[in-house]
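Encoded as C-alpha cells, the structure appears first; notes follow it.
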Amino acid sequence: MTSSPTAAARTEGEAAPTVPTQVESGTAQRPGLAREMVAILDFGSQYSELIARRIRETKVYSEVLSYQTPIAEIRRLAPKGIILSGGPNSVYEAYAPQCDPALWELGIPILGVCYGMQLMVQQLGGAVERAERAEYGKASLFINDPTDLFTNVEDGTTMWMSHADSVLRMPEGFELLAHTENTPCAAIAHHSRHLYGVQFHPEVVHSRGGMALLRNFVYHICGCEPEWTTAAFIEEAIREVRARVGDKRVLLALSGGVDSSTLAFLLHRAIGDNLTCMFIDQGFMRKNEPERLVKLFKEQFHIPVAYVDAAERFIVRLEGVSDPEQKRKIIGAEFIRVFESESQRLGPFDYLAQGTLYPDIIESAGENIDPKTGERVAVKIKSHHNVGGLPENLRFKLVEPLKRLFKDEVRQVGRALGLPEEIVQRQPFPGPGLAIRVLGELTKDKVDILREADFILRQEVNRSGRYNDYWQSFAVLLPVKTVGVMGDRRTYAYALALRFVTSEDGMTADWARVPYDLLEQIANRIVNEVPGINRVVLDITSKPPGTIEWE
C-alpha cells in the first residue's frame with residue numbers, strides 16, 4: 001500500500017496481459033476502491049496472512065478466505081487470481097482439507113503453495129507421496145523454465161522449503177518449471193489453464209526470489225493493476241464509516257498506540273464531533289503515558305478525550321488470577337463494563353470503535369473448521385483483548401475500519417492522516433498493558449516495580465538511537481525471586497527478563513542482537529534504581545516457537 005499507484009511497480013515495466021476468465025464481474029465491496037483482488041484460500045497455514053501481506057506489497061488487494069468458501073461466493077468476489085496456501089496436513093490423509101474440484105474450471109489463474117500445490121496435483125490426477133527425504137529450511141532452486149512465473153528470478157536463488165511430502169507424478173498437461181537437489185518437482189505449471197504450483201514458500205523473507213515470483217503471478221499472469229493504495233483506502237474507509245454510522249455517536253477506546261490513534265484520526269475526519277475518545281487508565285500503562293496522551297490529543301490534535309481512572313476496578317477484578325487467558329478476558333470484559341457505565345454519563349452512544357487488526361483476528365483463531373474434528377484448522381495461539389474478551393451482552397455495535405490491515409499498513413495510513421512520527425513509529429503495546437508482563441498473580445506493587453524497570457529500558461533504548469530498530473523492546477517481571485548481594489547485604493528479589501524482537505508484521509519474529517553495552521547499561525540501572533529487582537536476564541526466543549509476549 002503506497003500513496004499513489006504506478007505502472008512502474010511492474011517487473012521491468014512490462015504491460016500485464018489480459019487473462020480471459022469464466023468469472024463474471026464481482027459486485028462485492030472491497031476496501032480501498034480496489035477493483036481487483038487476489039484471493040488466498042487458507043488451508044490452515046500460519047503463513048496464509050503473510051501471503052496476503054506480500055500480495056498487498058505489490059499494491060494489489062488480497063483477502064484470506066476459508067478453503068471451504070463456496071464456488072458461488074468465489075464467482076461473486078471475482079478475484080483476478082487465487083493462491084492456495086500451505087497447511088499442516090498431507091493431501092492423501094482421509095480428512096485432509098479439500099477444495100471444490102470446480103475451482104480448477106473457473107478459468108482464474110491459480111498458484112498453489114506447498115500443500116496447495118500438492119492438492120492441485122492430487123485433484124487433477126497426479127500423485128503425491130511421503131518424500132524420501134523431508135526438506136526444511138533454505139534450498140537452492142534450479143529453474144528449468146525461466147519464463148512466465150520465473151521471469152527475472154535468478155537461477156540458483158534461495159527459496160524456503162518446509163515439507164515432508166512431494167509430487168511423485170505431475171497431472172496430464174503440466175510441465176516442470178524448477179527443482180532443487182532434494183525435490184524433483186519444486187515448481188510446475190499448466191500454462192494454457194493458468195495453473196501453477198510451487199513446493200516452496202515464496203512469501204517468507206528467506207525466499208530471496210519470492211517477491212519477484214509473486215509479482216510475476218500478480219501482474220503478468222493475473223493481469224492485476226497496482227491500485228491498492230493508502231489514499232484510496234482512507235477515502236473508502238471514510239465513506240464506509242459514514243455509511244454505517246450515519247449521524248450516530250461513536251465511542252473509541254484510546255490507548256495512545258498507533259492503532260487507536262490512527263483510528264481516532266480516521267474517525268474524526270469521517271464523523272467529526274460525533275466521535276468521543278475515552279482513555280481508560282486501567283493502572284497498567286507505562287510511566288507518564290496517561291498524562292502525556294491526554295494532553296497531546298486535547299491540546300495538539302484538538303480531539304476531545306474523556307479520562308477515566310479505573311485502576312482500582314481492574315486490580316480488584318484480577319485479584320487471585322494468574323492464568324494469562326483469564327487475565328486477558330477479564331481485562332477485556334472490564335474494559336467494556338467501564339465503557340458501558342461511562343457511556344451512560346457521556347452518551348448516549350451507538351457504536352464502539354476498535355483498532356482490531358488482521359493479525360488480532362488471526363491469532364485469536366482462524367475461521368477454518370477441520371471436517372473431522374470440528375476444530376479450527378489454524379490453532380488458537382492466544383486471545384486478544386479486543387477479540388476474545390468481549391462479553392456476550394455487548395451493548396454497542398462495533399465499527400472496525402482497520403480490521404483488514406496489517407500493522408505496517410496502519411502506520412502508512414496514520415502517516416497519511418498527519419499522525420506524528422512519535423506515534424506512527426511507536427512500538428506495539430498490548431491492550432492489557434503491563435498486566436500481561438507481570439507473570440502470575442497481579443499486585444499493585446509488582447506493577448509499580450515493572451513500570452519503573454520498563455521506563456529505564458525505554459529511556460536507554462531511546463538514548464541509544466535504536467528504538468526503531470526493534471519491533472518491540474520491553475521488560476517482563478518473572479514470578480520468581482533470586483538471591484543476590486548488594487554491598488554487604490544479601491538480597492532476595494524478583495528476576496526481570498528483557499525482550500527485544502525484530503519483525504515485519506508480528507506474525508513471526510526473531511530475537512534482536514542487542515549491543516552488549518546497551519544491555520549492560522539497562523541491567524545496571526535497573527538493579528541499582530528499582531527496588532525489588534536484583535537480577536536481569538535476556539529472552540532469546542524467536543516466534544515461533546515462542547510468542548512475542550510471555551502471556
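Just so you know, glycine gets a Cβ as well, placed from its N, Cα and C.
The region 'Disordered' annotation in Swiss-Prot covers 1-28.
The compositional bias 'Polar residues' feature in Swiss-Prot is assigned to 19-28.
Per Swiss-Prot, the feature active site, nucleophile maps to C114; the stated evidence is sequence analysis. For C114 (active site, nucleophile), the number of other Cβ atoms no farther than 10 Å from its own Cβ, over all displayed protein chains, is 25.
Same-chain residues at least 6 positions away in sequence with a Cβ under 8 Å from that of H201 (active site) are, in sequence order, Y47, G86, V113, C114, M159, W160, M161, S162, S207, G210. Among the features that Swiss-Prot reports, active site is placed at H201 (among others).
Residues or ranges marked as active site in Swiss-Prot: E203 (among others). Around the Cβ of E203 (active site), the same chain contributes Y47, L50, I51, R53, R54, V113, G210, L214, each under 8 angstroms and 6 or more positions distant in sequence.
Marked as ATP binding site by Swiss-Prot: S255, G256, G257, V258, D259, S260, S261. Secondary structure at D259 (ATP binding site), as computed by DSSP, is helix.
A Cβ within 8 Å of the Cβ centre of S255, G256, G257, V258, D259, S260, S261, the residues given for ATP, is found for these other residues of the same chain: L254, T262, L263, G355, I423, R426, F429. Of the binding-site residues S255, S260, S261, S261 has the largest number of other Cβ atoms within 10 Å of its own Cβ. Around D259 (ATP binding site), the same-chain residues at least 6 positions away in sequence with a Cβ under 8 Å from its Cβ are G355, L357, L402, K407, V410.
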